[in-house]
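Enquirer: Take a look at the following structure, please.
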Amino acid sequence: MIKEVHMPKLSPKSDEYFFGKWDKQPGDAVKTGDVLFEVETEKAISQVESQEDGTLKAQEVATGDTTKVGDLVATIEVA
Amino acid sequence: MTTKHQTSTPTKAPAKPNWLKVTYDQKKVDKMTDLLKGLKLNTVCAEANCPNLGECFGSGSASFIILGPNCTRACRFCDIPHGHPKDVDLLEPLRVAQATKKLGLTHVVITSVDRDDLPDLGADQFVRTIHAIKKLNPKTTIEVLTPDFQGREDCLDKVIAAGPDVFNHNMETVRRVTPLVRNRATYDTSLHVLDYVKKHAPKTMYVKTGIMLGLGEKDEEVYQLMDDLRAIDVDFLTIGQYVQPGPKNYTLREWVPMSRYQEYYKQAMKRGFKFVASSPLVRSSYKAKEELEAVESK
């Protein structure tokens, strides 16, 4: 089954962030709690953890992209 | 999670250092946010967009900001909205006390926006909040982080009499930089606040202050500030990195290297502070509980 990963709300005051970098690549195994990617908000670099166990299937955004809360960021194939 | 604040497109600022990397567990943060929203409470964590929010909310701790959300001053470093203040909410103290209980906080930090519009400058709401917390949470230690109350001693007397465990008022920065970043606040008024509290509070009440680095301050200016604070016997000092909230705020001058935080820690301890926290992500209420415990167990 494919699970979609959407951009979470990472800052109380804004809904748009710069996408930082990927910590997992397509094909990598991911576990709940693994850092999937980093996002730059006004005051921090937020590390976003996976909420699923599975395999990263696709990355939908790239470093430097502006992303909005709710945007599709990745898909994970879960068993 | 929704917010009433306007959203804005981020502007690319100088690259952030690696130590600004934080983890953010949305489920835990949402749980905390929902609870606070249900009680109609504001936190300085969310209002100031604190980088430690994920960690603190994730571990169930928060610092409440009363009398808000709008502040009557427009300090250039600050992210708290400046605007027309709202009527004082007389039920807010009870809700803070209830939230303290619900979260099982053993140490609670209460701060406020500046309320230069009120005859008591907001002092009475601090008093009501301290009393309400004590009533519902007799074992919880209380830390207040107050405005300068324009240096008015009658306001300070009221808050001292309510009996918080820690009285915190932030100097924010060194003398020279103060007029560049603070609005309607002076270095000497803030020193007077700390001095007055130290002289008039019971010996068991700790007096605390904090500063930000990265605003262009020089070593000798920081050491002068430490000397000024020790001359009036301030107990605790926190030192952390300024992070520019947005393009309109005071321009960040420098990401201060860790070695300077370590040197300032040594210099401050040598001068006789009881407790010093000096590290980039230190904020005045960050891990305040651990700070008090460390001093009490000595």
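All residue numbers here begin at 1 and follow the chain in the order shown.
Including glycine, each Cβ sits where the backbone N, Cα and C put it.
Here's the feature list from TrEMBL:
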BINDING   B:C45, B:C50, B:C56, B:S285  [4Fe-4S] cluster 1 binding site
DOMAIN    B:57-274  domain 'Radical SAM core'
BINDING   B:C71, B:C75, B:C78  [4Fe-4S] cluster 2 binding site
Enquirer: Please identify, among the binding-site residues B:C71, B:C75, B:C78, the one with the smallest Cα-Cα distance to B:C50 ([4Fe-4S] cluster 1 binding site).
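Expert: Closest candidate to B:C50 ([4Fe-4S] cluster 1 binding site), judged by Cα separation, is B:C78.
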Enquirer: Which binding-site residues (B:C50, B:C56, B:C75) come close to chain A, taking a Cβ gap under 8 Å as close?
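Expert: From B:C50, B:C56, B:C75, flagged as close to A: B:C50.
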Enquirer: Between B:C75 ([4Fe-4S] cluster 2 binding site) and B:C56 ([4Fe-4S] cluster 1 binding site), how far is it from one CA atom to the other, in Å?
Expert: 25
Enquirer: Same chain only, sequence gap of 6 or more: which residues have a CB within under 8 Å of the CB of B:S285 ([4Fe-4S] cluster 1 binding site)?
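Expert: The list for B:S285 ([4Fe-4S] cluster 1 binding site) reads B:V44, B:S63, B:V109, B:T111, B:E143, B:L145, B:N168, given in order along the sequence.
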Enquirer: Can you give me the same-chain residues 6 or more apart in sequence from B:C78 ([4Fe-4S] cluster 2 binding site) with a CB-CB distance under 8 Å?
Expert: B:A48, B:C71, B:P245, B:N249
Enquirer: In the structure shown, which of the binding-site residues B:C45, B:C50, B:C71 has the fewest other Cβ atoms within 10 Å?
Expert: B:C71
Enquirer: Grab the pLDDT values for the domain 'Radical SAM core' (B:57-274) and give me their mean, rounded.
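Expert: Within the domain 'Radical SAM core' (B:57-274), the model's average pLDDT equals 96.
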Enquirer: What three-state secondary structure does DSSP assign to B:C71 ([4Fe-4S] cluster 2 binding site)?
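Expert: The residue in question, B:C71 ([4Fe-4S] cluster 2 binding site), is strand (DSSP, three-state).
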Enquirer: How would DSSP class B:C45 ([4Fe-4S] cluster 1 binding site) in three states?
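Expert: SS state of B:C45 ([4Fe-4S] cluster 1 binding site) = helix.
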Enquirer: In the same chain, which residues outside the set B:C45, B:C50, B:C56, B:S285 have their CB within 8 A of the centroid of the CB atoms that define the [4Fe-4S] cluster 1 site?
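Expert: Near the [4Fe-4S] cluster 1 site, beyond B:C45, B:C50, B:C56, B:S285, sit B:T43, B:V44, B:A48, B:N52, B:L53, B:F57, B:S61, B:A62, B:S63, B:R283, B:Y286.
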